[in-house]
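Below is one structure; the comments refer to it alone.
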């Protein structure tokens, strides 16, 4: 029932100006509707959880520290990242509206990778902050000054946005003149490039090099900082302190394993080894589950955050 739009290009070739995102079309319609309800619940929880963290950090002076400044930026980033994918996926599952214009597809692809790159850089910054806090506690205030924190966050955003700017330029140089069905629920690089009837090898190579560099490079820094943190924890005098620190680190490793594991499995290998079905499952972990878990892992398990939330609720109730 979807109307396809074509323009006649040079040499009588039909140029595709609209794509169809197949999503999970192989599933029963009732199951797709059920998945859309689950996804809606997860998405709303993600948005509300991350928004709550941002508001609490802004209004509660106890949370106005470098750590929560970085966490609030991560929360904002997660909302942008998951929204760029989840909203369209909700429409696909609930209403069957699978079409996406060429411009919207390219924009979605760009923001997915640009925001993802920004997040990996921000994770390095956050691990550095935790390393200084745990291993250099007496010098923490002198090192992690507000000006440095702002500069680090700005650097993460600028690098993420500019490093991936080449994608928009090269994507618009591609031509699409055959099938317009993308075997995915968003405009990921592998299924999109395979539809091009022009040479996409340059984009394949640049994506492979840059994404591998960003993912594996940031992973090396994160592991280096957390290794230093673990050594510092082992030298803590109190067993209760060691236990609490290990519990915090293990929860962080859970989210890091999801983020890095899904991206390494999807993007850090030759394109011919990519399974589109496996790609979709891994993308769900990366775009839906990871942003959903972050508020609970990084914030809502912290006593200071819970206390600030209880006080905010108690303050708001008399006015409701």
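Backbone N, Cα and C atoms are what each Cβ position is placed from, and that goes for glycine too.
Small disclaimer: the values here were computed from a predicted structure and weren't measured.
Taken verbatim from TrEMBL:
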type	residues	note
TRANSMEM	33-56	transmembrane segment
DOMAIN	49-298	domain 'G-protein coupled receptors family 1 profile'
TRANSMEM	68-90	transmembrane segment
TRANSMEM	110-128	transmembrane segment
TRANSMEM	148-166	transmembrane segment
TRANSMEM	209-233	transmembrane segment
TRANSMEM	245-269	transmembrane segment
TRANSMEM	281-300	transmembrane segment
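Between the transmembrane segment (68-90) and the listed ranges 209-233, 245-269, 281-300, the one holding the most Cβ pairs under 8 Å is 281-300. Sequence-remote contacts of a segment are chain residues at least 6 beyond its ends whose Cβ falls under 8 Å from one of its Cβ atoms, and for the transmembrane segment (209-233) they are 113, 117, 120-121, 123-124, 127-128, 130-131, 134-135, 163-164, 242, 245-246, 249, 252-253, 256, 260, 263-264, 267-268.
A Cβ distance under 8 Å defines the sequence-distant neighbours of the transmembrane segment (281-300), meaning residues of its chain 6+ beyond its ends; these are 39, 42-43, 45-46, 49-50, 52-53, 68, 71, 74-75, 78-79, 81-82, 85-86, 112, 116, 184-186, 188, 251-252, 254-255, 258-259, 261-263, 265-266, 306, 309.
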